[in-house]
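J.: Here you go, one structure.
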Amino acid sequence: MEHHQPEDPAPGKAGTVEADIPKNHEVLAGPYEHPQDTDARDADGEAGEREPADQALLPSQCGDNLESPLPEAGSAPPGPTLGTLPEVETIKACSMPQELPQSPRTRQPEPDFYCVKWIPWKGERTPIITQSTNGPCPLLAIMNILFLQWKVKLPPQKEVITSDELMAHLGNCLLSIKPQEKSEGLQLNFQQNVDDAMTVLPKLATGLDVNARFTGVSDFEYTPECSVFDLLGIPLYHGWLVDPQSPEAVRAVGKLSYNQLVERIITCKHSSDTNLVTKGLVAEQFLETTAAQLTYHGLCELTAAAKEGELSVFFRNNHFSTMTKHKSHLYLLVTDQGFLQEEQIVWESLHNVDGDSCFCDSDFHLSHSLGKGPGAEGGSGSPEKQLQVDQDYLIALSLQQQQPRGTLGLTDLELAQQLQQEEYQQQQAAQPVWMRTRALSPQGRGATSGRPAGERRQRPKHESDCILL
(Lines of atoms letter the chains of each structure in order from A and count residues from 1; the text may use other names and numbers.)
(Lines give C-alpha, C1' and ligand atoms only; values in the text may rest on other atoms or scores of the structure.)
Protein backbone atom coordinates (compact mmCIF):
# COMPACT_ATOMS: atom_id res chain seq x y z
CA MET A 1 0.00 0.00 0.00
CA GLU A 2 1.38 3.38 -0.93
CA HIS A 3 1.89 6.01 1.75
CA HIS A 4 0.73 9.54 0.89
CA GLN A 5 1.71 12.48 3.03
CA PRO A 6 -1.24 14.79 3.70
CA GLU A 7 -1.21 18.31 2.34
CA ASP A 8 -0.23 21.09 4.70
CA PRO A 9 -3.31 22.52 6.42
CA ALA A 10 -4.28 26.14 6.24
CA PRO A 11 -2.37 28.35 8.66
CA GLY A 12 -5.45 29.30 10.59
CA LYS A 13 -6.56 25.73 11.28
CA ALA A 14 -3.33 23.93 11.91
CA GLY A 15 -3.24 24.70 15.61
CA THR A 16 -6.58 23.06 16.31
CA VAL A 17 -5.71 19.82 14.54
CA GLU A 18 -2.26 19.50 16.08
CA ALA A 19 -3.72 19.88 19.53
CA ASP A 20 -6.11 16.94 19.09
CA ILE A 21 -4.37 14.59 16.63
CA PRO A 22 -0.99 12.95 17.36
CA LYS A 23 1.78 13.79 14.94
CA ASN A 24 2.25 10.18 13.84
CA HIS A 25 -1.41 9.87 12.82
CA GLU A 26 -2.18 12.97 10.82
CA VAL A 27 -4.25 10.86 8.39
CA LEU A 28 -6.41 7.99 9.62
CA ALA A 29 -6.24 4.52 8.05
CA GLY A 30 -9.91 3.50 8.19
CA PRO A 31 -10.46 -0.27 8.49
CA TYR A 32 -6.69 -0.85 8.31
CA GLU A 33 -6.09 1.18 11.46
CA HIS A 34 -3.82 -0.42 14.03
CA PRO A 35 -5.47 -1.30 17.38
CA GLN A 36 -2.99 0.96 19.17
CA ASP A 37 -4.38 3.99 17.32
CA THR A 38 -7.92 3.62 18.75
CA ASP A 39 -7.47 6.43 21.25
CA ALA A 40 -6.07 8.74 18.59
CA ARG A 41 -9.10 8.10 16.41
CA ASP A 42 -11.52 8.80 19.24
CA ALA A 43 -9.72 12.06 19.93
CA ASP A 44 -9.94 12.96 16.29
CA GLY A 45 -13.67 12.24 16.28
CA GLU A 46 -14.20 14.62 19.17
CA ALA A 47 -12.18 17.26 17.38
CA GLY A 48 -14.37 16.78 14.34
CA GLU A 49 -17.50 17.45 16.38
CA ARG A 50 -16.03 20.61 17.90
CA GLU A 51 -14.57 21.91 14.64
CA PRO A 52 -16.65 20.85 11.63
CA ALA A 53 -14.49 22.98 9.38
CA ASP A 54 -11.46 20.85 10.23
CA GLN A 55 -12.95 17.85 8.46
CA ALA A 56 -11.91 19.42 5.20
CA LEU A 57 -8.34 18.59 6.09
CA LEU A 58 -9.04 14.81 5.78
CA PRO A 59 -10.41 12.86 2.82
CA SER A 60 -14.16 12.55 3.04
CA GLN A 61 -14.16 8.75 2.89
CA CYS A 62 -11.62 8.55 5.70
CA GLY A 63 -14.04 10.54 7.82
CA ASP A 64 -16.79 8.06 6.96
CA ASN A 65 -14.58 5.18 8.02
CA LEU A 66 -14.55 6.54 11.55
CA GLU A 67 -17.92 4.86 12.03
CA SER A 68 -16.50 1.37 11.38
CA PRO A 69 -16.36 -0.91 14.44
CA LEU A 70 -13.16 -0.91 16.43
CA PRO A 71 -10.96 -4.02 16.33
CA GLU A 72 -10.78 -6.05 19.48
CA ALA A 73 -7.75 -5.58 21.67
CA GLY A 74 -4.92 -7.97 20.93
CA SER A 75 -6.32 -9.03 17.55
CA ALA A 76 -4.38 -8.80 14.32
CA PRO A 77 -4.99 -5.85 11.98
CA PRO A 78 -8.17 -6.60 10.00
CA GLY A 79 -8.05 -7.16 6.27
CA PRO A 80 -10.17 -5.42 3.66
CA THR A 81 -13.79 -5.20 4.78
CA LEU A 82 -16.73 -6.33 2.70
CA GLY A 83 -18.22 -2.85 2.69
CA THR A 84 -19.30 -0.69 -0.20
CA LEU A 85 -17.05 -0.10 -3.18
CA PRO A 86 -16.27 3.56 -2.38
CA GLU A 87 -14.99 2.54 1.06
CA VAL A 88 -12.62 -0.03 -0.49
CA GLU A 89 -11.31 2.50 -2.97
CA THR A 90 -10.64 5.15 -0.37
CA ILE A 91 -8.60 2.77 1.76
CA LYS A 92 -5.85 3.00 -0.84
CA ALA A 93 -5.81 6.77 -0.51
CA CYS A 94 -5.37 6.63 3.25
CA SER A 95 -1.92 6.14 4.66
CA MET A 96 -1.27 3.50 7.27
CA PRO A 97 0.43 4.10 10.62
CA GLN A 98 4.19 4.08 10.56
CA GLU A 99 4.48 0.81 12.49
CA LEU A 100 2.58 -1.34 9.97
CA PRO A 101 4.98 -1.19 6.97
CA GLN A 102 7.47 -3.25 8.99
CA SER A 103 5.32 -6.39 8.93
CA PRO A 104 5.64 -7.19 5.18
CA ARG A 105 9.36 -6.62 5.44
CA THR A 106 9.74 -9.06 8.32
CA ARG A 107 7.73 -11.77 6.54
CA GLN A 108 9.77 -11.50 3.34
CA PRO A 109 12.24 -14.45 3.14
CA GLU A 110 15.89 -13.77 2.65
CA PRO A 111 17.24 -14.70 -0.79
CA ASP A 112 19.37 -17.84 -1.11
CA PHE A 113 22.92 -17.29 -2.31
CA TYR A 114 25.16 -19.86 -3.97
CA CYS A 115 28.85 -19.63 -4.71
CA VAL A 116 30.05 -19.79 -8.30
CA LYS A 117 33.10 -21.93 -9.11
CA TRP A 118 34.91 -21.22 -12.38
CA ILE A 119 36.54 -24.20 -14.09
CA PRO A 120 38.32 -24.69 -17.42
CA TRP A 121 35.91 -26.72 -19.54
CA LYS A 122 36.90 -27.70 -23.07
CA GLY A 123 39.14 -24.67 -23.42
CA GLU A 124 36.67 -22.14 -22.05
CA ARG A 125 36.32 -20.70 -18.57
CA THR A 126 32.94 -21.99 -17.43
CA PRO A 127 30.95 -21.44 -14.22
CA ILE A 128 29.34 -24.15 -12.12
CA ILE A 129 27.14 -23.60 -9.08
CA THR A 130 28.09 -25.15 -5.76
CA GLN A 131 25.65 -26.05 -3.02
CA SER A 132 25.64 -26.17 0.75
CA THR A 133 24.24 -28.96 2.93
CA ASN A 134 20.59 -28.76 1.92
CA GLY A 135 20.80 -26.95 -1.37
CA PRO A 136 18.26 -27.23 -4.20
CA CYS A 137 20.03 -30.05 -6.01
CA PRO A 138 17.46 -30.44 -8.86
CA LEU A 139 17.81 -26.80 -9.84
CA LEU A 140 21.60 -26.84 -9.57
CA ALA A 141 21.97 -30.11 -11.48
CA ILE A 142 19.94 -28.76 -14.39
CA MET A 143 21.57 -25.34 -14.37
CA ASN A 144 25.08 -26.79 -14.26
CA ILE A 145 24.29 -28.75 -17.41
CA LEU A 146 23.11 -25.56 -19.10
CA PHE A 147 26.33 -23.84 -18.00
CA LEU A 148 28.50 -26.70 -19.28
CA GLN A 149 26.58 -26.61 -22.56
CA TRP A 150 27.12 -22.82 -22.70
CA LYS A 151 23.38 -22.27 -23.11
CA VAL A 152 23.51 -19.95 -20.10
CA LYS A 153 26.44 -17.66 -19.40
CA LEU A 154 27.38 -15.46 -16.46
CA PRO A 155 29.53 -12.33 -16.21
CA PRO A 156 33.24 -13.24 -15.90
CA GLN A 157 33.54 -11.76 -12.40
CA LYS A 158 30.39 -13.40 -11.01
CA GLU A 159 31.12 -15.07 -7.67
CA VAL A 160 27.68 -15.34 -6.05
CA ILE A 161 24.26 -15.99 -7.56
CA THR A 162 20.78 -16.19 -6.07
CA SER A 163 18.14 -18.83 -6.62
CA ASP A 164 15.89 -16.20 -8.20
CA GLU A 165 18.55 -15.49 -10.81
CA LEU A 166 18.92 -19.19 -11.54
CA MET A 167 15.16 -19.56 -11.89
CA ALA A 168 15.06 -16.59 -14.26
CA HIS A 169 17.79 -18.11 -16.46
CA LEU A 170 16.00 -21.46 -16.50
CA GLY A 171 12.66 -19.85 -17.32
CA ASN A 172 14.22 -17.99 -20.24
CA CYS A 173 15.64 -21.25 -21.58
CA LEU A 174 12.25 -22.95 -21.39
CA LEU A 175 10.45 -20.08 -23.09
CA SER A 176 13.03 -19.93 -25.87
CA ILE A 177 12.42 -23.55 -26.90
CA LYS A 178 10.42 -23.93 -30.10
CA PRO A 179 8.48 -27.06 -31.11
CA GLN A 180 10.15 -29.07 -33.85
CA GLU A 181 6.86 -30.33 -35.29
CA LYS A 182 4.42 -27.87 -36.83
CA SER A 183 1.28 -29.99 -36.59
CA GLU A 184 -1.46 -28.48 -34.48
CA GLY A 185 -1.76 -31.46 -32.17
CA LEU A 186 1.95 -31.57 -31.38
CA GLN A 187 2.07 -27.83 -30.84
CA LEU A 188 -0.77 -28.05 -28.33
CA ASN A 189 1.02 -30.90 -26.56
CA PHE A 190 4.24 -28.89 -26.55
CA GLN A 191 2.49 -25.86 -25.10
CA GLN A 192 0.96 -28.03 -22.39
CA ASN A 193 4.42 -29.34 -21.49
CA VAL A 194 5.75 -25.79 -21.30
CA ASP A 195 2.90 -24.79 -19.00
CA ASP A 196 3.55 -27.83 -16.78
CA ALA A 197 7.26 -27.04 -16.65
CA MET A 198 6.67 -23.40 -15.71
CA THR A 199 4.32 -24.55 -12.95
CA VAL A 200 6.93 -26.97 -11.60
CA LEU A 201 9.78 -24.42 -11.59
CA PRO A 202 9.27 -23.31 -7.95
CA LYS A 203 9.62 -26.94 -6.83
CA LEU A 204 13.12 -27.13 -8.30
CA ALA A 205 14.38 -24.98 -5.43
CA THR A 206 13.10 -27.43 -2.81
CA GLY A 207 12.97 -30.87 -4.43
CA LEU A 208 11.22 -32.81 -7.17
CA ASP A 209 8.82 -35.69 -6.74
CA VAL A 210 10.15 -38.47 -8.97
CA ASN A 211 9.15 -42.11 -8.72
CA ALA A 212 11.70 -44.55 -10.14
CA ARG A 213 10.81 -47.89 -11.67
CA PHE A 214 13.12 -50.87 -11.21
CA THR A 215 12.90 -52.02 -14.83
CA GLY A 216 15.30 -49.59 -16.53
CA VAL A 217 17.76 -46.80 -15.79
CA SER A 218 15.57 -44.24 -17.54
CA ASP A 219 12.21 -45.57 -16.32
CA PHE A 220 10.31 -43.14 -14.12
CA GLU A 221 6.63 -42.73 -13.46
CA TYR A 222 5.60 -39.73 -15.51
CA THR A 223 4.85 -36.64 -13.46
CA PRO A 224 4.71 -32.95 -14.42
CA GLU A 225 8.21 -32.66 -12.96
CA CYS A 226 9.56 -34.84 -15.77
CA SER A 227 8.43 -32.31 -18.37
CA VAL A 228 11.32 -30.01 -17.40
CA PHE A 229 13.88 -32.65 -18.40
CA ASP A 230 11.98 -33.54 -21.57
CA LEU A 231 11.77 -29.95 -22.81
CA LEU A 232 15.43 -29.23 -22.12
CA GLY A 233 16.53 -32.52 -23.68
CA ILE A 234 18.34 -33.58 -20.49
CA PRO A 235 18.31 -37.35 -19.80
CA LEU A 236 17.29 -38.41 -16.30
CA TYR A 237 18.85 -41.66 -15.06
CA HIS A 238 18.93 -43.86 -12.00
CA GLY A 239 20.73 -47.12 -11.21
CA TRP A 240 18.26 -48.86 -8.90
CA LEU A 241 17.56 -52.05 -10.86
CA VAL A 242 16.73 -55.61 -9.91
CA ASP A 243 19.40 -58.16 -10.73
CA PRO A 244 17.96 -60.51 -13.39
CA GLN A 245 19.99 -63.32 -11.83
CA SER A 246 17.68 -63.12 -8.78
CA PRO A 247 14.41 -64.55 -10.13
CA GLU A 248 12.63 -64.30 -6.78
CA ALA A 249 13.34 -60.59 -6.56
CA VAL A 250 12.31 -60.11 -10.19
CA ARG A 251 8.94 -61.77 -9.52
CA ALA A 252 8.42 -59.85 -6.28
CA VAL A 253 9.26 -56.44 -7.71
CA GLY A 254 7.97 -56.85 -11.25
CA LYS A 255 7.33 -53.64 -13.16
CA LEU A 256 6.25 -51.64 -10.16
CA SER A 257 7.53 -48.23 -9.19
CA TYR A 258 8.98 -47.51 -5.78
CA ASN A 259 5.72 -46.15 -4.35
CA GLN A 260 3.74 -49.07 -5.74
CA LEU A 261 6.25 -51.55 -4.33
CA VAL A 262 5.99 -50.04 -0.85
CA GLU A 263 2.21 -50.37 -0.99
CA ARG A 264 2.50 -53.99 -2.15
CA ILE A 265 4.86 -54.83 0.72
CA ILE A 266 2.39 -53.46 3.25
CA THR A 267 -0.50 -55.35 1.66
CA CYS A 268 1.36 -58.65 1.33
CA LYS A 269 2.72 -58.64 4.87
CA HIS A 270 -0.81 -58.34 6.27
CA SER A 271 -2.25 -60.99 3.97
CA SER A 272 -3.38 -64.44 5.08
CA ASP A 273 -1.92 -65.99 1.92
CA THR A 274 1.54 -67.38 2.63
CA ASN A 275 2.63 -66.86 -0.97
CA LEU A 276 1.80 -63.17 -0.78
CA VAL A 277 3.55 -62.87 2.56
CA THR A 278 6.66 -64.48 1.07
CA LYS A 279 6.55 -62.16 -1.93
CA GLY A 280 6.24 -59.17 0.38
CA LEU A 281 9.22 -60.28 2.46
CA VAL A 282 11.35 -60.78 -0.67
CA ALA A 283 10.44 -57.32 -1.92
CA GLU A 284 11.20 -55.81 1.46
CA GLN A 285 14.57 -57.56 1.53
CA PHE A 286 15.35 -56.11 -1.89
CA LEU A 287 14.73 -52.58 -0.63
CA GLU A 288 16.85 -53.19 2.46
CA THR A 289 19.81 -54.72 0.62
CA THR A 290 19.76 -51.97 -2.02
CA ALA A 291 19.30 -49.05 0.34
CA ALA A 292 22.09 -47.24 -1.54
CA GLN A 293 19.66 -47.12 -4.52
CA LEU A 294 22.40 -48.35 -6.86
CA THR A 295 23.07 -51.97 -7.80
CA TYR A 296 25.89 -53.52 -9.81
CA HIS A 297 23.42 -54.49 -12.51
CA GLY A 298 22.10 -50.94 -12.50
CA LEU A 299 25.61 -49.52 -12.76
CA CYS A 300 26.39 -51.73 -15.76
CA GLU A 301 23.13 -50.77 -17.46
CA LEU A 302 23.75 -47.12 -16.67
CA THR A 303 27.21 -47.24 -18.22
CA ALA A 304 25.79 -48.85 -21.33
CA ALA A 305 22.82 -46.47 -21.64
CA ALA A 306 24.71 -43.20 -21.21
CA LYS A 307 26.24 -41.80 -24.38
CA GLU A 308 29.86 -40.74 -24.68
CA GLY A 309 30.23 -37.08 -23.73
CA GLU A 310 26.57 -36.82 -22.78
CA LEU A 311 25.54 -34.54 -19.91
CA SER A 312 22.68 -35.94 -17.85
CA VAL A 313 21.12 -35.89 -14.38
CA PHE A 314 21.63 -38.88 -12.09
CA PHE A 315 19.07 -39.53 -9.34
CA ARG A 316 20.11 -41.43 -6.24
CA ASN A 317 19.08 -41.23 -2.57
CA ASN A 318 16.78 -38.27 -3.24
CA HIS A 319 19.72 -36.36 -4.68
CA PHE A 320 20.20 -35.08 -8.22
CA SER A 321 23.72 -34.91 -9.65
CA THR A 322 25.16 -33.77 -12.96
CA MET A 323 26.68 -36.79 -14.71
CA THR A 324 28.76 -37.34 -17.83
CA LYS A 325 30.46 -40.23 -19.59
CA HIS A 326 34.12 -39.92 -20.58
CA LYS A 327 36.05 -42.75 -22.22
CA SER A 328 33.40 -45.31 -21.22
CA HIS A 329 33.46 -44.25 -17.56
CA LEU A 330 30.90 -42.30 -15.56
CA TYR A 331 31.67 -39.17 -13.56
CA LEU A 332 29.59 -36.96 -11.29
CA LEU A 333 30.14 -33.22 -11.06
CA VAL A 334 31.50 -32.19 -7.65
CA THR A 335 29.24 -29.37 -6.44
CA ASP A 336 30.00 -29.48 -2.72
CA GLN A 337 30.78 -25.97 -1.54
CA GLY A 338 33.65 -27.36 0.52
CA PHE A 339 35.60 -27.88 -2.72
CA LEU A 340 35.04 -24.33 -3.92
CA GLN A 341 38.77 -23.48 -3.78
CA GLU A 342 39.96 -26.88 -5.03
CA GLU A 343 40.65 -26.19 -8.70
CA GLN A 344 41.86 -29.74 -9.33
CA ILE A 345 38.64 -31.33 -8.06
CA VAL A 346 35.82 -31.08 -10.59
CA TRP A 347 34.57 -34.62 -11.26
CA GLU A 348 34.07 -37.69 -9.09
CA SER A 349 34.20 -41.17 -10.57
CA LEU A 350 31.14 -43.41 -10.37
CA HIS A 351 32.42 -46.96 -10.64
CA ASN A 352 31.29 -48.57 -7.39
CA VAL A 353 28.03 -48.97 -5.50
CA ASP A 354 29.72 -48.54 -2.12
CA GLY A 355 30.69 -44.91 -2.66
CA ASP A 356 34.42 -45.53 -3.10
CA SER A 357 35.37 -42.98 -5.74
CA CYS A 358 38.25 -40.86 -7.01
CA PHE A 359 38.40 -37.15 -7.75
CA CYS A 360 39.45 -35.80 -11.13
CA ASP A 361 40.07 -32.38 -12.63
CA SER A 362 38.16 -30.83 -15.51
CA ASP A 363 40.18 -32.92 -18.00
CA PHE A 364 39.36 -36.12 -16.08
CA HIS A 365 42.93 -36.50 -14.80
CA LEU A 366 43.20 -38.16 -11.42
CA SER A 367 43.67 -35.78 -8.47
CA HIS A 368 46.01 -37.13 -5.80
CA SER A 369 45.60 -34.79 -2.85
CA LEU A 370 43.57 -31.89 -1.58
CA GLY A 371 44.82 -28.38 -1.06
CA LYS A 372 48.10 -28.89 -2.92
CA GLY A 373 49.10 -27.00 -6.00
CA PRO A 374 51.21 -28.21 -8.89
CA GLY A 375 54.57 -29.55 -7.84
CA ALA A 376 53.63 -29.91 -4.19
CA GLU A 377 54.57 -33.58 -4.30
CA GLY A 378 58.09 -33.13 -5.56
CA GLY A 379 57.55 -33.44 -9.29
CA SER A 380 54.97 -36.21 -9.21
CA GLY A 381 52.53 -33.93 -11.05
CA SER A 382 54.53 -33.90 -14.29
CA PRO A 383 52.58 -34.63 -17.51
CA GLU A 384 54.33 -37.97 -18.05
CA LYS A 385 53.65 -39.08 -14.50
CA GLN A 386 50.04 -37.90 -14.67
CA LEU A 387 49.48 -39.74 -17.94
CA GLN A 388 50.85 -42.97 -16.49
CA VAL A 389 48.64 -42.65 -13.41
CA ASP A 390 45.57 -42.02 -15.54
CA GLN A 391 46.33 -45.04 -17.71
CA ASP A 392 46.78 -47.26 -14.66
CA TYR A 393 43.52 -46.00 -13.24
CA LEU A 394 41.58 -46.63 -16.44
CA ILE A 395 43.07 -50.12 -16.77
CA ALA A 396 42.02 -50.89 -13.20
CA LEU A 397 38.48 -49.73 -13.94
CA SER A 398 38.33 -51.87 -17.07
CA LEU A 399 39.54 -54.92 -15.17
CA GLN A 400 36.96 -54.25 -12.49
CA GLN A 401 34.12 -54.28 -15.00
CA GLN A 402 35.38 -57.61 -16.40
CA GLN A 403 35.34 -59.29 -13.00
CA PRO A 404 32.67 -61.89 -12.19
CA ARG A 405 29.87 -60.49 -10.10
CA GLY A 406 30.59 -62.80 -7.20
CA THR A 407 34.07 -61.40 -6.54
CA LEU A 408 34.92 -58.67 -4.09
CA GLY A 409 34.40 -55.87 -6.61
CA LEU A 410 37.40 -53.55 -6.29
CA THR A 411 40.26 -56.03 -6.02
CA ASP A 412 42.09 -54.86 -9.14
CA LEU A 413 41.51 -51.20 -8.38
CA GLU A 414 42.80 -51.60 -4.84
CA LEU A 415 45.84 -53.42 -6.20
CA ALA A 416 46.51 -50.58 -8.64
CA GLN A 417 46.21 -48.05 -5.83
CA GLN A 418 48.57 -50.10 -3.68
CA LEU A 419 51.14 -50.28 -6.48
CA GLN A 420 50.80 -46.56 -7.00
CA GLN A 421 51.37 -45.93 -3.29
CA GLU A 422 54.46 -48.14 -3.31
CA GLU A 423 55.78 -46.18 -6.27
CA TYR A 424 55.36 -42.95 -4.34
CA GLN A 425 57.14 -44.45 -1.33
CA GLN A 426 60.06 -45.50 -3.52
CA GLN A 427 60.40 -41.96 -4.84
CA GLN A 428 60.42 -40.55 -1.33
CA ALA A 429 62.73 -43.26 0.04
CA ALA A 430 65.97 -41.56 -1.10
CA GLN A 431 66.34 -39.38 1.99
CA PRO A 432 65.43 -42.06 4.57
CA VAL A 433 67.96 -44.49 3.02
CA TRP A 434 70.69 -41.87 3.30
CA MET A 435 69.75 -41.29 6.91
CA ARG A 436 69.93 -45.02 7.64
CA THR A 437 73.39 -45.18 6.05
CA ARG A 438 74.52 -42.27 8.17
CA ALA A 439 73.11 -43.93 11.28
CA LEU A 440 75.56 -46.82 10.88
CA SER A 441 78.52 -44.44 11.31
CA PRO A 442 79.97 -43.66 14.81
CA GLN A 443 78.50 -40.12 14.68
CA GLY A 444 75.01 -41.45 14.15
CA ARG A 445 75.00 -44.52 16.35
CA GLY A 446 72.32 -43.11 18.60
CA ALA A 447 69.94 -42.37 15.72
CA THR A 448 67.27 -45.01 15.27
CA SER A 449 65.08 -43.32 12.67
CA GLY A 450 64.52 -45.48 9.60
CA ARG A 451 65.26 -48.87 11.25
CA PRO A 452 62.60 -51.56 11.27
CA ALA A 453 60.84 -52.22 14.56
CA GLY A 454 62.32 -55.70 14.90
CA GLU A 455 65.82 -54.33 14.52
CA ARG A 456 65.27 -51.93 17.40
CA ARG A 457 64.12 -54.77 19.64
CA GLN A 458 67.32 -56.78 19.02
CA ARG A 459 69.70 -53.82 19.31
CA PRO A 460 69.77 -53.51 23.14
CA LYS A 461 71.05 -57.09 23.54
CA HIS A 462 73.91 -56.44 21.12
CA GLU A 463 74.87 -53.21 22.87
CA SER A 464 74.80 -54.87 26.30
CA ASP A 465 77.25 -57.54 25.09
CA CYS A 466 79.63 -54.83 23.91
CA ILE A 467 79.47 -53.10 27.29
CA LEU A 468 80.25 -56.28 29.18
CA LEU A 469 83.32 -56.88 27.04
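Yeah, the Cβs are placed from backbone N, Cα and C, and that goes for glycine too.
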J.: Could you tell me which of the ranges 92-133, 428-469 is annotated in Swiss-Prot as region 'Disordered'?
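T.: Among 92-133, 428-469, the range Swiss-Prot annotates as region 'Disordered' is 428-469.
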J.: Among 154-192, 388-426, find the range that Swiss-Prot records as region 'Ubiquitin-binding domain (UBD)'.
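T.: The range carrying the region 'Ubiquitin-binding domain (UBD)' annotation in Swiss-Prot is 388-426.
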J.: Among all protein chains shown, how many Cβ atoms are found within 10 Å of the Cβ of His319 (active site, proton acceptor), not counting that one?
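T.: Neighbour count, Cβ to Cβ under the 10 Å cut-off: 13.
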J.: Could you tell me which three-state DSSP class His319 (active site, proton acceptor) falls into?
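T.: The three-state answer is strand.
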J.: In whole Å, how far does the CA atom of Cys137 (active site, nucleophile) lie from that of His319 (active site, proton acceptor)?
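T.: With distance taken Cα to Cα, His319 (active site, proton acceptor) is 6 Å from Cys137 (active site, nucleophile).
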J.: Specify the count of other C-beta atoms within 10 Å of the C-beta of Cys137 (active site, nucleophile).
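T.: That number is 20.
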J.: What three-state class does DSSP give Cys137 (active site, nucleophile)?
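T.: Looking at the DSSP assignment, Cys137 (active site, nucleophile) belongs to a helix.
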